[in-house]
Structures are given as structure tokens and as C-alpha cells.
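Below: the structure, in C-alpha cells.
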Amino acid sequence: SKREIKMRKLDSTKVRPPKTEQLLHIEEHDFALRPGFGGSPIPVGIDVQVESIDSISEVDMDFTMTLYLRHYWKDERLSFRSNKNKSMTFDGRLIKKIWVPDVFFVHSKRSFIHDTTVENIMLRVYPDGNVLFSLRITVSAMCFMDFSRFPLDTQNCSLELESYAYNEDDLMLYWKHGNKSLSTDEHISLSQFFIEEFSASSGLAFYSSTGWYNRLFINFALRRHIFFFVLQSYFPAMLMVMLSWVSFWIDRRAVPARVSLGITTVLTMSTIMTGVSASMPQVSYIKAVDVYLWISFLFVFLSVIEYAAVNYLTTIEERKQLKKRGKASGMYSMDAVQAMAFDGCFHDTDVDMDLSPFPEPCEEIETRASQTNISNADTPRLKRKRSLKGNVGRIILQNNHVIDTYSRIIFPSVYIVFNFFYWGLYI
């Protein structure tokens, strides 16, 4: 009917208004030019909410961060009439039609805007022309790290924002709410680092060909957790150094035992040092962990050299004693190995090994020893214990070189002093 047709014509919500009646008159302006072109620089406020710090890489010297980046500026070309003074919100499709600040991340390696399920971009326009432009970004940027105190270090990294095309004569970049412009998620945590602080700062950057630019900084300090490296590097190194000291209590004649122990500890220390170096960048200066591992390696190496000196001096002393005994007795003498091969008995080199032409068989010597033990079986138990302890102590002293005696005291004392100085210097 005619009435229904008239009602349809009056229902303006079902009819798209012509371009001249749209709230945002985009086609009437040239948005290739910044707002207020030719006049004073346009102020663009920034605030950032850090969602997460995804990773810190010592090898690549960079960090990856996900954040919400928000821009605030005023463009009178986007103003519109509104009886209720309500803003209008748009998605990323309007961004290509209007002017937006060209903020980029200085020293960034890669970055992207999240696009699941659609691009994470929001544009909000207010009736007076104020604009809020927000987007969710993940960015990887360089962090110039100093590893001279690694792993007892604290790294200071920063994410820098700057306009690419507009210098300070055209665009003034500033923090929207001062120090409160930077906020973080309460649950941000890293496996190897503790985040000490977040702070916002600003400055200027100069380029010889284009001039001065406003630059904003997102600064954060990272302190490394030491417990992981104590378990993986420091504690094994301490154990290897202490294990190398065991050779000082082993008989100096036990050449295979002491040599194999020394070689094992040296190779283990080499493996620990190689594992630490593999996970670090190849820097040209010495790190704190290198100092500790190399000093520990030196202690282990010196324990091997110590036994080489003990063995050499022991051989010289035995040769001198054998020569003196041979001249004094005027009889044929031989070393312990030759004497054992001759009569089947073990001879201590500190005991007279001058052999008569007809030595006693070992069986007779052992028989006499067993008879002596049987005759003394009625002595008190306390006396036997004291006698046994005395014999063991005498054997240890006879088979111990003076260098081993001093090494048992000097090596642990110097290593304790080194640890005290090291941890006091770097912590």
C-alpha cells in the first residue's frame, strides 16, 4: 500500500546515507598530509602495555617482546557531530584511508602485528577529532649485552620508538601520561632472569641527512638467576677440584691410580668448560665464569703436575739410597721390582733390600710372621688396636712424600681463599 511505501522511505536506518551525509567526511580531505600541515608540529602521545617478554637470547643478543602500542593525536578532519558525544570505533580497514603516525622500532630485527582472527588493530575517533590508535605487536630488537660478569650479570635493555619520516619540526612524540605511560602485566616472568624494573624515558636522535627526531625509550633491567649455573657449572667444577685432591692421600707408588684420577678430572673440567662456551656468544673478553672455570682447571692440572714432581723426586731418592747401601754392604743390590721377581716377596724401597746369595724363601718369612702373631695373640685388645694404628701410620708416613704433605694443606687453603675473593668480587 501507499502507507507502507511511505513508511519505508521514512526508515533512514535501512538506507545508506550519501557521502555528503556520512559522519566522517574522508573523501573531502587529503589524508596524505599530516594534520596541521605547514604549521606547528603535531603532538602524538604514546602509551605502552607490555604483555610479555617472550625470550632473551645471549647468542643473538636480542629480546622478543609482545606489547600493546597506543597512539593519541588530534585530527580535526575526522571531527563529526554527535548529540551524545559518543566515540566511534573502527577496525583496521579504516587505517588505510586516513593519516596515522609512522612510528617504528629502532634496532628491531623483526616484528609483526597479530592477525588472529583478524588484524589486532583498533581505531577510535571522538567527535572533537581526537583519535586513539591501538595495535598489538610482537617485536624482536637488539640488546647490547655485556657478559664480563656472566652469569652474575645484570643486563639493561631498551626498546626505542621513533617516527620514520617526520622529524621534530613535523611531529612531536611524547609519553602520554609521563612515567605512568608504561604498564606491565603482573605475571611477566622469565626462566633465567628476574625483571628488576621497567621505566620510560625520552630523548632526541640526530641523523646528518634528515635532522633531529623525537625518540621514546622502554627501559628494563634483567638480573640473571644464578642457581641454574651453580648447579650446572660451579658445583661440578668444585667437585672436580676436590676430587683431584684425593690423589694426595693415595700411595705415591700407585702410579696407575694417581695418573688415571688426574687425567679423568682434567678431561671432566674440559667438558664443563666446553659446554658453557657452546651456549655463549664468542666474545673477545673474559667472562666471570671463564675466570672461575680456568682457575679450577689450573688447580686440577697442578694436582697432576704435583704427582709428576713427587714421582720424579721419589725415584731420585731411591736411587741414592740404593747406591749408598750397595757401597756400605759391598754386596749386590737391586730395586724392589727385581727383588720381588727374585724371591717372590714385596720389598719396600725404604727397607734394606740387600740380598744375600741365598735369600730366605718367602714361605719361611711368612711362617715366622704367623708364629709371632700366634705367640702375641694373648695381648689385650686395646694394645693390638694401638699397635695396628701405629703400623698404619708408620706405613703412611713411609710411603708419603713431603710434597704430598704440604699439598694437602696448601691446595685446599688457596682454593678456599680464591672462592672467597671471587664471590666477594662479583656478587
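Glycine is treated like the rest: Cβ placed from N, Cα and C.
As annotated by TrEMBL, domain 'Neurotransmitter-gated ion-channel ligand-binding' applies to 26-225. Taking the domain 'Neurotransmitter-gated ion-channel ligand-binding' (26-225) as a whole, pLDDT averages 91 in the prediction.
Annotation source TrEMBL lists domain 'Neurotransmitter-gated ion-channel transmembrane' at 234-323. Summarised by DSSP class, the composition of the domain 'Neurotransmitter-gated ion-channel transmembrane' (234-323) is 76 helix, 0 strand, 14 coil.
The list of residues near the transmembrane segment (226-247) in space but at least 6 beyond its ends in sequence, with Cβ under 8 angstroms from a Cβ of it, reads 151-152, 192, 257-258, 261-262, 265, 268-269, 272, 275-276, 289, 292-293, 296, 299-300, 303-304, 306-307, 407-408, 411-412, 415. Sequence annotations record features per position, and here TrEMBL assigns transmembrane segment to 226-247 (among others).
Counting same-chain residues at least six beyond the ends of the transmembrane segment (259-279), those with a Cβ under 8 angstroms from any Cβ of the stretch are 58-59, 232-233, 236-237, 240-241, 243-244, 246-247, 250, 289, 293-294, 296-297, 300-301, 303-304, 307. The feature transmembrane segment is assigned by TrEMBL to 259-279 (among others).
The transmembrane segment feature in TrEMBL is assigned to 291-310 (among others). Same-chain residues lying 6+ beyond the ends of the transmembrane segment (291-310) with a Cβ under 8 Å from its Cβ atoms: 233-234, 237-238, 240-241, 244-245, 247-248, 252, 258-259, 262-263, 265-266, 269-270, 272-273, 276, 401, 403-404, 407, 411, 414-415, 418, 422.
If one looks beyond the transmembrane segment (409-426) by at least 6 residues along the same chain, the residues whose Cβ comes under 8 Å of a Cβ in the stretch are 149, 152, 241, 245, 248, 288, 291-292, 295, 299, 302-303. Annotation source TrEMBL lists transmembrane segment at 409-426 (among others).
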